[in-house]
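Quick look at what TrEMBL annotates:
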- 36-53: transmembrane segment (TRANSMEM)
- 135-156: transmembrane segment (TRANSMEM)
- 182-305: domain 'Phosphatidic acid phosphatase type 2/haloperoxidase' (DOMAIN)
- 226-250: transmembrane segment (TRANSMEM)
- 262-281: transmembrane segment (TRANSMEM)
- 293-311: transmembrane segment (TRANSMEM)
Amino acid sequence: MCSRQAGRMEPHGQDLQDCKNHAADSVARFVSSKTFLSFCLVAFGAVCLDQGLEFSKILDNAVDVPLYEFFANRKPAFQKSLAEHVLGLQEPGEAEVKWHGVGTVWLKRLAQRSVLCEKILSLVSVGRVLSNGPVFFAAGSICAVAAFHALCLLLGSRGRSSDGHRRGLTRFAVILFFSYVCGGKGLACDTATMLLLKNYFGRLRPREYAHDTRSLAFPSGHTNGASFFCGVLAALVLPNLLSTLMPGWANGRKPKLGRSGLALLAAWVVLTAATAVGRVVSLKHWCSDCVCGSFTGAITVSLASIVALSLESRLLRPRKP
């Protein structure tokens, strides 16, 4: 048993390995708990109810419109690309906005001499970096860790480390399934669940992007993807990687959230919030779109954790020493 009562001996063998697995999976067990899932479902339902009731629209009137007007009035600072800031480019009738400093002078000279550099800088803006940075970072990290687990197994990893690698690949398969069903943005498009929700509510994007009819606004697919990928990275991928590479990492840990677990949860929240801010400042989403997207992603993380832990308990029992 993992818990130790008075007069009971220290766990050995299989029980000791179970204790380590429980300690390493403390974040996954927290997000897969009924309390966490219920909280996310209630919050998601409240935001959807507010959006669906025409006579309500509390978030719309109190948050969405004021934030849109605030950032729309500061459009050059958040939406202009780095090339426009550095080179001082502006549309007719628009005030010139330039960045100053030694680094800016160097970038300006480089952009003026290299067409490729100018094109790269034209793709970089505050909104784009915040919107896409966390998603690419988390998704790329998940794929890199999965490739590492596969390589180790191909090279003939043995013993308990092989259990960790097999567990990592199992979790990657679960993550891949949920990412295409409801967790992320599929191949440059929204997932089935996002399309269903967006078409049901039919909310238009802010008027700056009203001409873009390829996708509706509610909920935010980017924020949903960031919440999902960063969440599974914190709950399923990193703890398993650490416990596999450093077997002593889970020693002495209780099967409850500790400092490392809280740090992983905090990183999840910060990266998801960064994506939400990026979508709002770039005027591509209302604030409530991003709030709803963050909760849909969290719900998917909870479901993925439940499935992953259930599969491991049935198919990947740790080897006896």
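Count begins at 1; order follows the chain as displayed.
A Cβ is built for glycine as well, from the same backbone N, Cα and C atoms used for every other residue.
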- Long-range Cβ contacts under 8 Å made by the transmembrane segment (262-281), restricted to residues 6 or more beyond its ends, are 27, 30, 67-68, 71, 78-79, 126-135, 137-138, 220, 222-223, 225-227, 230-231, 233-235, 238-239, 287, 289-291, 293-294, 297
- Item | Model confidence over the domain 'Phosphatidic acid phosphatase type 2/haloperoxidase' (182-305), averaged pLDDT | 79
